[in-house]
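Report on the structure given below.
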Amino acid sequence: MDVLKRLGRWLDRPLFPWKKLIIGFSLGHYFFESYLSFRQYRVLQRTKVPKTLENEVDQTTFDKSQDYGRAKAKFGFVSGLFNQIQSLSIIHYDVYPKLWALTGLWLARYAPARFSGEISHSLLFIFAYSFAETLIGLPFSYYHHFVLEEKYGFNKQTVKLWLTDLLKSQVLTLAFGIPIGSAFLAIIQRTGDSFFYYLWLFMLGVQLFGITIYPILIVPLFNKLTPLSPGPLKDGVEALATRLNFPLAELQVIDGSKRSAHSNAYFTGLPWKKKIVIYDTLIEKSTDKEVEAILAHELGHWSMGHTTRLLVISQFHIFYMFALFSVFINNKSLYDSFGFTKERPIMI
């Protein structure tokens with residue numbers, strides 16, 4: 001704890017160019033990822049089927065796959081450039097302090113006095129910023145679904161369903177974001193310099209809560225789940241789960257075809273009670289043995305402990321990020337660089 005405090009004091013340097021440093025990191029990250037994407041694009045320009053796939057994929061299917069990959073890559077280049085310009089513009093033109101001041105004005109003018117604190121202000125700021133980002137991103141989302149995916153025969157959703165999904169997502173963001181965001185900020189305010197320990201435990205609880213309710217409450221809001229009908233496929237999947245000692249409690253089919261022709265399968269749930277979900281598109285396009293093979297791959301992650309390892313690694317990462325957060329939370333020079341000369345909001 002003392003080490004973090006000393007580091008925090010040492011890093012609080014007046015006139016240090018924090019904004020330029022962060023812009024530099026942002027540009028470096030963007031150019032590195034663009035370089036990797038360009039390398040992948042060159043691979044997608046190849047016209048010959050790789051030797052390892054010659055007996056599995058015909059030339060026509062390979063050409064279609066390559067063409068689709070190139071189209072997605074081009075879309076990624078354009079959307080990535082737009083996002084980078086947007087991000088740099090927000091930083092350069094001090095959009096954060098301006099939006100913070102604006103949402104504070106809205107709160108003072110229209111909200112009851114009991115909502116005048118930093119927590120209410122922070123939540124309004126986050127939701128206003130998130131809503132603006134959603135609106136700005138709508139053209140890209142529309143193009144992705146109704147132009148790019150439509151061209152290659154993958155899009156199955158209507159504009160009405162697309163808009164309904166957006167609305168549901170915004171409602172869910174409010175429903176879960178308000179209590180979680182409020183608790184997040186309250187923990188920091190009330191637990192002093194050691195807040196990151198409590199914050200880490202809180203976020204672990206949020207993650208476990210999310211894993212529990214996602215298949216029960218969230219998925220049914222967007223898709224219909226039905227039990228897999230009795231037959232060879234069900235028998236095969238259950239036998240596979242038994243061989244691996246996988247704690248299978250439910251085996252269901254999801255109507256993914258209402259949105260896309262892409263296919264998938266996944267498992268979810270608590271360690272002692274798992275649910276396997278298979279997309280209806282996968283069942284339609286594949287033989288029973290092919291579906292079993294795909295599920296064997298997914299269950300292999302569980303058998304090898306990959307999901308548990310990832311959870312543990314993510315907890316170390318989150319704890320490290322919160323500890324680093326505690327070093328900068330009172331850094332006046334950092335706030336000053338981004339235009340917050342009078343206030344130092346936690347959420348910022």
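Counting begins at 1 with the first residue displayed.
Quick reminder: no glycine exception, Cβ is built from N, Cα and C everywhere.
For 40-224, the entry in TrEMBL reads domain 'CAAX prenyl protease 1 N-terminal'. Taken from TrEMBL, the feature domain 'Peptidase M48' covers 233-339. TrEMBL lists 123-143, 171-188, 195-222, 310-329 with the feature transmembrane segment.
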If you run through the domain 'Peptidase M48' (233-339) with DSSP, how many residues end up as helix, strand and coil?
-> 65 helix, 21 strand, 21 coil
Average the pLDDT scores across the domain 'Peptidase M48' (233-339) and report the rounded value.
-> 93
